[in-house]
């Protein structure tokens, strides 16, 4: 009897150790491995740009901007949907920022000055929104676009660093994308969790002031990043660099393995219409809707961030070695079904089934973000493997801008659909039809998955000669960065 009790206790102890290892020790070993294999300043940059600027900033700015447009500027949901797309335009021209970081060094550096400029730009734009009273809609949108540009420039600069490390450490490519996604998701979780409370306490403009202060951390990244100086070029050589960049990009796009997944990203994003603003106006202002408070809206979106984080963990632990095409296919298939959850909510079927609005929309938000992240991560890993030598920032930014063009089309398309079916601040009779059309359009990308290479993340995609050049250049640059850090530390 005592032997059985001891065996049971030993088994319980082993189970506890197993859970502790899964939740704490294994993630810490993984983070320590990344810091040792890469450079600590790179790790710090990823945490600040993805975790604070994009993650926390996204959580705070999304809720504050929704209430700012709804309550301060008094716009219709269809207009708000179009304006949200307009704010994303700086992300569409990411190749411009990427090209500048790759071929136009400032004071001898290709990354650090762009981080500093991005942080200053975002700070100024957010402070204008926060401190200016009765700001005209055009000026408000200009400030929001400028702040978005600051975040986009920081994003493309850290993307160049991530892509460079993916080339020099190909076995860590998926791990780095998981680190980026996890930082963004944790930051979003914190941001969304606090957003409703902060908007309620300080108003949307007060939150903009807080975002202006957090943008200063991007400046810190620019000051701390260890980077070896690059030789400054005169105008003639800069022009030659631009021409060489254009030639390299054109040559890379001639490979079917490159242009086909790009076409998929564009088409799949374009037909997945965004109707978020219509849903936001419905569940905060409709007479027969849930009428959620600001705090409830923020907490609901925080569950979306949790779903995104779960999606990253699922991909990192179970899906990262599967072929890209298979993962995207199943994620798209589930996404079609999850789209109809909004229909159940708007038609109030959930209440007839005895399911409260808050619980139902939390589940909807969690599932949709989890599936979206699982769908997007393999495309990110694939994109990091398609960049030509010396043009990592530019080409990766070009690939991401293609996806942002699709999102712009989907956002404006959603705005047009809301306007055409007469969904306004007070009229939501046709919102159910908008949801049905949006959900059915999600079927189209499933028929396009053949455009994605049917290979796993460990396979080579580009020709061997291009990969050899990229690895050699990346290894040399990485050694220079590490040597600069050693010299600086010794000094």
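Placement of Cβ uses the backbone N, Cα and C atoms for every residue, glycine included.
Annotated features in TrEMBL:
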type: TRANSMEM; residues: 38-60; note: transmembrane segment
type: TRANSMEM; residues: 80-100; note: transmembrane segment
type: TRANSMEM; residues: 112-131; note: transmembrane segment
type: TRANSMEM; residues: 137-158; note: transmembrane segment
type: TRANSMEM; residues: 179-201; note: transmembrane segment
type: TRANSMEM; residues: 207-225; note: transmembrane segment
type: TRANSMEM; residues: 258-276; note: transmembrane segment
type: TRANSMEM; residues: 296-315; note: transmembrane segment
type: TRANSMEM; residues: 327-349; note: transmembrane segment
type: TRANSMEM; residues: 395-418; note: transmembrane segment
type: TRANSMEM; residues: 430-452; note: transmembrane segment
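Against the transmembrane segment (207-225), stretch 137-158 shows more Cβ pairs under 8 Å than any other of 80-100, 137-158, 179-201, 258-276.
Long-range contacts of the transmembrane segment (38-60) within its own chain (CB-CB distance under 8 A, at least 6 residues past either end) are made by residues 115, 122, 151, 154-155, 157-158, 161-162, 165, 169, 172, 176, 179-181, 183-195, 198, 207, 210-211, 214-215, 217-218, 220-221, 224-226, 298, 301-302, 305, 481-482, 485. Highlighted: of the candidate stretches 80-100, 137-158, 179-201, 258-276, 430-452, 179-201 has the greatest count of Cβ pairs under 8 Å to the transmembrane segment (296-315).
The listed stretches are 80-100, 327-349, 395-418, 430-452; of these, 395-418 has the most Cβ pairs under 8 Å to the transmembrane segment (258-276).
Long-range contacts of the transmembrane segment (112-131) within the same chain, counting only residues at least 6 positions beyond its ends with a Cβ under 8 Å from a Cβ of the stretch, are 45, 53, 68, 97, 100-101, 106, 139-140, 143-144, 146-147, 149-154, 157, 205-206, 208-209, 211-213, 215-223, 225, 227. Looking at 179-201, 327-349, 395-418, 430-452, the range that has the most CB pairs within less than 8 A of the transmembrane segment (80-100) turns out to be 395-418. Outside the transmembrane segment (395-418) by six or more residues, the chain places 77-82, 84-85, 88-89, 91-95, 97-99, 156, 159-160, 162-163, 248-249, 252, 262, 265-278, 379, 383-384, 386-388, 434, 437-438 with a CB less than 8 A from a CB of the stretch.
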